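Features reported for this protein in TrEMBL:
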ACT_SITE  A:78  active site, proton donor/acceptor
ACT_SITE  A:189  active site, proton donor/acceptor
BINDING   A:15, A:16, A:47, A:48, A:79, A:80, A:190, A:191  substrate binding site
């Protein structure tokens, strides 16, 4: 299919749930004139426990839905979907496709000065080994140490962003990371930017943090610029949010992730 | 349909995931000669985020599957299913049906001496208000104070059963409970028996704990005795475990819940 995207068309961002809103937030800050459509598959979250075939199928459904909305770029803001199905989406899409894992890996390789990179994420992301693969594709000599942090997502969703429990949990999870020779730590989950101040505090001067949400916003900005697809309009952009189910706390959790009020939420069936 | 159950037939226990194994453990201890079939709908867990219609539909599918295995009794070991679909299962089943909410509520009403009962559970269970309804049906004068504890399930699944983080979390969640005039606290989630020692420590002498898993094992024992359906055999019983998906950590988490090794796990499609 021919690419008939226009610079005024929106950027399409998708995730299995609410986490990808941290990527939307970074895009809003970095690219304040771009229209954005967000898709959260809240009826079928969490993806981490599903089979590879199912995740691939759902991911392609969503990518197709967003392309039907005439997006000019697709951003996979879900680590599980990126790990399992980014190549599939790239093969079938008629617009550029960015994903959080590739963006985070590239940024980490740029930032690291000793070649020792740590990655923290959900068990599903860490078990997929996708960050290590992406980093080794960029530089096979780099050492990658991965650490699953299963409690960070529930802690963020509970809103304990600056709570002694969260700090104690972070100290526990990062203990083995501190032993490794690592100068750069990738936040490999879209929930983690919400506890970045706490993580910075726990990490101290030991290593730099790479926030994949910021990494992908920078990548998107570069690509729009270089391809002449940046929106020339300087009017207030249009933001739309599609979800497959509206959970009780979607609005309140979503606003915490987004850092602003959440309007135009529409429920759709795929 | 006519009830053709025999005393040698197994007890059928089901849950959305692994949590109901604490009920199986209590049954094994309380009724050491009963055969047991467990069904965990691990492919579709968690139920708490699904719609009432979907939960009701899945619950009836599982109840039918177990009845096809000729169980002599059904035990709903999932608080979400019990809250939403216990009556539906009772209406259509041709064997006795026990559920964790009714069992926990009955036990709490028996134990409480001042009429002040606290209930802790997942947000889905607490929002359903099912424990309060069940307690008020038994005694409308009792006061019920409910407290959601979203982090307990992830903490248990992380295996932090006796960890400072879990203790600090429990102290935080129970702070408002301690302010109420409560003498009895219901563990309204099948994951919580694993942190009972820690909760006993945090609660101290303030209130008694009601463990729904033990409550339902007692109820099952009474019912089998009074109906003449207890298994007369004194041979080693047969335990079978059906799941709809085998997650990476099912075996290790399951054994922690069960307190013994987990054999004869079979994957089935509904």
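Glycine too: its Cβ is placed from the backbone N, Cα and C atoms.
Predicted, not measured: the structure shown is a model, and the values here were computed from it.
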Cα separation, residue A:78 (active site, proton donor/acceptor) to residue A:47 (substrate binding site) (Å, whole number):
9
Would you count the other CB atoms within 10 A of the CB of residue A:79 (substrate binding site), including those on all shown protein chains?
31
Cβ atoms near residue A:78 (active site, proton donor/acceptor) (within 10 Å, other residues, all chains):
33
Counting Cβ atoms within 10 Å across all protein chains shown, which of the binding-site residues A:16, A:48 comes out on top?
A:16
Cα-Cα distance linking residue A:189 (active site, proton donor/acceptor) and residue A:79 (substrate binding site), given in Å to the nearest integer:
6
If you draw a 10 Å sphere around the Cβ of residue A:15 (substrate binding site), how many other Cβ atoms fall inside it, taking every protein chain shown into account?
30
If you count other Cβ atoms within 10 Å of each one's Cβ, which of the binding-site residues A:80, A:190 has the most?
A:190
What does DSSP call residue A:79 (substrate binding site) in the simple three-state scheme?
helix
Whole-number Å distance between the CA of residue A:78 (active site, proton donor/acceptor) and the CA of residue A:15 (substrate binding site)?
5
To the nearest whole angstrom, what is the C-alpha distance linking residue A:189 (active site, proton donor/acceptor) and residue A:16 (substrate binding site)?
12
So which other residues, same chain and not among A:15, A:16, A:47, A:48, A:79, A:80, A:190, A:191, have a Cβ within 8 Å of the centroid of the Cβ atoms at the substrate site?
A:17, A:19, A:20, A:45, A:46, A:78, A:81, A:122, A:124, A:125, A:189
Residue A:189 (active site, proton donor/acceptor) CB neighbourhood, other CB atoms within 10 A:
27
